[in-house]
Amino acid sequence: MPHTAPASVELRDRPALLEARGLAYARNDEPVFGPLDFTLHPGEVVLVEGDNGAGKTTLLRLLSGLLAPTSGEIRLAGEPLTLARLSPQVALLSHANGLKPELTAIENLRFAAGLLGLRSGLSPTTVLAGVGLAGYDDVPTRKLSAGQKKRVALARVLLAPVGLWLLDEPYANLDRDGIQLVNRLLENHANRGGAALITSHGAYAYTSGTPRRIPLRADANRSDA
Amino acid sequence: MRSGSTAAACAALVRRDLTLVWRRRGDAANPILFALIVVALFPLALGPEPEQLRRIAAGVVFVAILLAGLLALDTLFRSDYEDGSLEQLVLSPHPLSLLLACKIAVHWFTTALPLIIVSPLLGELLHLAEPLRGLLPLALLLATPLLSLLGAVCVALTVGMYRSGMLLALLVLPLYVPVLIFGAGACNAAQAGLPFAAPLLWLGAALVLALVLAPLACAAALRISLS
């Protein structure tokens, strides 16, 4: 299984997709986390674990280039990370789903496909069915439940022709089937050579294989981040 | 795997924003209602003498439309910021400034253009002078895109802040004042029988400059707001 990812010779030959060295972030001089060192190779799923306020979301925003680190550096395929180099390769699922409540599920996905491109062989309709929402094409997103919205947002990630998934709490709001679905999607993504970094506060972790874990400790910062 | 073309991304964004305006069409009428109310109140406050109203007509219509635009300005990025769409725009592989230019264009098209279309009616309420009937919409056609572009930069700067309305107004007004002076100035000059081409040309020049620079500034400001 590629995503079990021991530090094998095979992995060292390939360049890391994402590499963080001494990555640290401080908000108003108060350290949030770090320094942190880790790598993410193609075919790997890495789980970022931490309590509420440990800086999981912040880490994902750093890795997606939306935030600049206080110290340390992030490398993307060996080069310093910039939004211009990252954006064709990344799909981000954040707490805000990025869905328009007034638009239907399928309209949201069509827009995402127009904006981010479409993975070959997929269409908004098939992807929506793939996340268990067949028949919900024309339902306005505001009428969907929180879990269903999460599934539409996952469908958006699935549509984008990218290799790197950054998923913030992909298990939140999902039922048992939904959790299985996320695990299945992640496994497929890893098997076709994609990489994913997901955060979890620990309640529902990635269960297939043994993903590498990055523990985030908020030792330096006990206040809410 | 394929990434869509930039043109397809812009088209998708324009289609989405137009659809959203259509779905929220109740809100879309707000700027027109606001301008109509402001203009309708002036004769009530000043008295119905046509001569007096005619003197201030162009200026009042200009100010009303400027304020109506200011009212609609905050909606430009607000909902996109709150529901996370803005992050998706920033992370898309296409030039952010181009995508934002599309957003600003749709915003202008759906908020300012209707105001320009009703501006003859607003002028009529104030007995707008005959020679200004063509000139006022023309001046607005040059001034309102400029207001939208300048405003968009300020909205982009303040969108990350909680309750930024007051700050937005403070940031925007100094930028709006020259536009108002040139736009209303052209109308006043025409009304006095003076040459009025120069202020219009200034507006046009500023518009060209803003068309090029404002989307870039807007993109930079949004990246700051999102971090």
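The backbone N, Cα and C atoms fix where each Cβ goes, and this holds for glycine too.
Taken from TrEMBL, the feature transmembrane segment covers B:28-46, B:58-77, B:98-118, B:138-160, B:167-194, B:200-222.
With a threshold of 8 Å between CB atoms, the same-chain residues lying at least 6 positions outside the transmembrane segment (B:167-194) that come near it are 55, 58-59, 62-63, 66, 70, 73-74, 129, 131-132, 135-136, 139-140, 142-143, 146-147, 150-151, 154-155, 157-158, 161, 200, 202-203, 206. With a threshold of 8 Å between CB atoms, the same-chain residues lying at least 6 positions outside the transmembrane segment (B:98-118) that come near it are 6, 9-10, 13-14, 17-18, 21, 28, 31-32, 35-36, 65, 68-69, 72, 75-77, 89, 92, 137, 140-141, 144-145, 147-149, 152, 156, 211, 214-215, 218-219, 222.
Sequence-distant contacts of the transmembrane segment (B:28-46) (same chain, six or more residues past either end, CB-CB distance under 8 Å): 21, 52-53, 56, 60-61, 63-65, 67-69, 71-72, 110-111, 114-115, 118, 122, 125-126.
Below 8 angstroms of C-beta separation, residues 62, 65-66, 69-70, 73-74, 76-78, 81, 86, 100, 103-104, 107-108, 111-113, 115-116, 119, 167-168, 171-172, 175-176, 179-180, 182-184, 186-187, 200, 203-204, 206-207, 210-211, 214-215, 217-219, 221-222, 224-226 of the same chain, each at least six residues beyond the ends of the transmembrane segment (B:138-160), sit close to that stretch.
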